[in-house]
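Below: one structure, written as C-alpha cells.
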Amino acid sequence: MREVNFSIPNVNKASVNITTTLYDRRALDCTSTLPLINSLNHLAYLTTSSARIRDILTVDGGIERLVCILKEGRSRDLMEMWKWSLAFQCVVNIGVRGSESVRTRVVEADMVPVIATILDNYIKVVDKARARADSESQRQSSRHHSKAVPTSNDVSGRPSFLEQPLTAEQRTSRRHAPPSIEIPPQPFFQENHVADSNVLDVTSPSRVPMTSPPERSAFGQDVHHRRTNDGRFAHGNHRHRMQPLATALPSMDATDGFGLRPVRDNERLPSMLPGFHTGLTSQPDSPTTPNAPVQPRSSAQATIARQRPSLRQQQSASGESDDGNGDGSTMDEDPASTEAAEPIVGLQNRMDIDDVGDRDTILGGVSDSHDLTVTDPSEEQEAETFNITHRSTVDGSMINTDNAQNNAALGLSPTQAADNANSPALVPSPYSLYFRDRTTTAAHGVLTTMPRDEDVLMSLQLLAYVSKYCNLRSYFQHSHFVPKLKIDRELQMLEEGTSPIEFPEDEDEYLLPDDVNIFPLVEKFTVRHHSKDMQYWACVVMRNLCRKDESRGGIRQCAYYKCGKWEEFQRQFAKCRRCRRTKYCSKDCQKAAWVYHRHWCHTTP
C-alpha cells in the first residue's frame with residue numbers, strides 16, 4: 001500500500017518538501033523520515049527569519065503537527081532524534097519570535113505538557129546521577145580505608161568534609177542579622193528530596209561558597225593546616241570518585257541562606273581573572289565572579305574557598321516590573337526592621353571550613369574521569385555567548401550576529417557578548433558524561449533518551465516568553481506529562497540488584513488529569529548548580545508568575561504554588577521586602593516558599 005506522501009512527478013520529486021524559499025503545509029504530513037527531516041531543517045530557518053511563515057503556521061495546523069511529532073517520543077534511532085530536535089527547534093522559534101497571538105497559539109496547541117515532561121525528565125536524571133555518584137563514592141572511600149596503613153599521622157578515620165555534619169562548635173564566627181521570619185526546619189517537597197538539614201552540600205572542592213566577601217571572612221586558625229598530613233587524597237585510584245552537587249532542595253534552618261555580592265569586571269584584581277590560574281583547566285572560573293584573592297602562601301597551602309557565583313539581577317523578558325517599588329504593605333510587623341536594605345527574610349549562611357583540605361592535595365588524587373561538577377558554558381568560554389539554533393551544514397540560518405541589536409532580536413540570553421560573532425559549542429552535561437563513562441546498556445539507554453542541556457534551556461526560554469500572559473496561566477498550572485516522552489523505564493533499569501518492574505502500558509494522554517503545575521519544576525532550575533543560562537531563564541519565568549492580571553482588575557496571585565489564592569482587591573497581599581515583586585497571602589506561605597524563592601529573590605535597586 002502506498003504511503004500517504006504527496007509527490008510532484010513533473011518536477012521529479014518523490015515528495016513535497018519545504019525549502020528556504022517555499023513553504024508547503026503538505027510537507028509536514030510526510031511519513032518518511034528523511035524528506036521530513038529535510039523539510040523541518042528548512043522550516044527551522046523560515047520560522048527564524050519570516051514572521052509571515054510563523055503566522056501561517058498558527059492557522060493551517062502546522063503548530064499542532066509539530067507538537068504531535070514531539071509527543072511521539074524520542075527514539076534511539078539517530079534519524080528520529082534528529083527529526084524530534086528539528087521539530088522542537090521550530091516550535092521554540094515560533095514561540096520566542098512570534099507575536100502575542102502566535103505565542104498564544106503555541107500554548108493552545110498543547111506545547112506546555114511537552115515542556116513539563118522535558119524538565120521533569122532532566123530533574124530525574126540529575127537526581128539519579130547524583131545518587132549513584134554518592135553511592136560509588138562511598139564504596140570507593142570504604143575500599144581505600146580498608147587498604148590504608150594506619151600511621152601516627154593518619155587521620156583517615158575521620159569522616160570526609162562532604163559528609164561531616166556541622167555542629168555549633170565547628171562553625172565559624174559571622175555577622176548576625178536577626179531574621180524577621182523563622183524558616184521551618186522541614187521544607188515542602190521533601191517527598192522527592194530528602195536531605196539532612198545538618199549536612200552542607202557543596203558543588204565542588206574548588207567552589208566552596210563564602211558567607212561574606214573574602215576580605216571579611218573569619219577563618220579558624222587551623223583552616224589550612226588540619227589536613228596537611230591527611231593521606232586520604234594521596235593514594236588510590238579515584239576514577240569513580242564523584243563530588244556531590246548541591247541538592248536541588250537544600251535543607252535549611254533559620255541560619256541558612258547565602259549572601260550574594262555581585263562583582264563587576266572593572267573591580268577584578270589581576271589575580272582574580274579566569275586566565276590567571278592556567279593550571280586548573282578542569283574547573284573553569286566564572287567570568288562574572290572572581291576567585292578569592294590569593295594570599296602570599298605556598299601552593300601546598302592554597303585555600304579552596306571561593307566566593308559563590310552571583311546571579312545576574314536582570315529584569316524579566318517583558319521589561320520593567322509592573323509597579324516597581326509600590327507602596328504595598330509589608331509583612332514585617334517590627335518597626336525597627338523597616339529599613340529599605342533589610343529583607344523581610346533576613347537569613348544568612350555560615351559554613352564550617354575547618355576540615356577543608358588543601359586544593360593541591362585534593363586535585364592530586366583525582367583522576368581524569370568525569371565528575372559531576374557542573375561546568376557552565378558561560379564560564380568555559382571567554383565571551384559569554386549562547387545560540388539556541390542548531391545550525392547544520394545544510395542550514396541557511398547563518399544570521400549575522402555582529403550587531404548587538406540582532407542578539408536581542410534573536411531572543412537569546414542576556415549574558416551574550418555583543419562583540420563576539422561566533423557562538424561556542426555547548427559544554428556536554430556532566431550527567432551525560434557520567435552515564436557515557438558507564439558501559440552498561442541501561443546507562444546508554446538513559447543517555448539517548450535524556451533531555452539535552454540545550455533542550456532544557458530552550459524550554460525555559462520559551463516558557464519565559466509565553467508565561468507573561470496572565471490569561472494563559474491556567475495552562476501552566478494545570479498541565480500533565482506526556483507518557484511517550486517519560487523516561488521512567490530507562491531510569492529504573494539503572495537500579496542494580498533490583499528486579500525489573502513491570503510498568504503498565506502508557507495511558508492515553510487525553511485521559512490523564514491536568515494535575516501538574518509547571519512552576520515548581522521551573523523553580524528547581526534556579527538553584528545554583530544548574531548553568532547560569534538555565535538559572536536566568538528560570539528566574540524570568542518565576543518573576544512572570546508574580547505579574548498582576550489586568551483583566552481581573554490588576555490583582556495578583558499568592559506566589560506560593562500550593563496556595564494559589566488571588567487577591568480580592570489590589571494590594572491586599574504583602575510583598576517580599578527584598579525583591580518587591582512576589583506577594584504572599586500570609587507569612588506561612590512566605591515561609592514555605594522561601595526554600596526556593598531565596599534563589600531568585602534579588603534585591604530591587
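Glycine is no exception: its Cβ is also placed from the backbone N, Cα and C atoms.
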56-97, 434-475, 560-601 - the one Swiss-Prot records as zinc finger = 560-601
Message = Tell me the coarse DSSP state (helix, strand, coil) of CYS601 (Zn(2+) binding site).
response = coil
Query = Mean pLDDT for the zinc finger (560-601), as a whole number?
reply = 91
Message = Around the C-beta of CYS601 (Zn(2+) binding site), how many further C-beta atoms are within 10 angstroms, looking at every protein chain?
response = 25
Message = Counting Cβ atoms within 10 Å of each candidate's own Cβ, which of the binding-site residues CYS576, CYS579 comes out highest?
response = CYS576
Inquiry  = Give me the long-range Cβ neighbours of HIS597 (Zn(2+) binding site): same chain, 6+ apart, Cβ under 8 Å, in sequence order.
reply    = GLU523, ALA559, CYS576, THR582
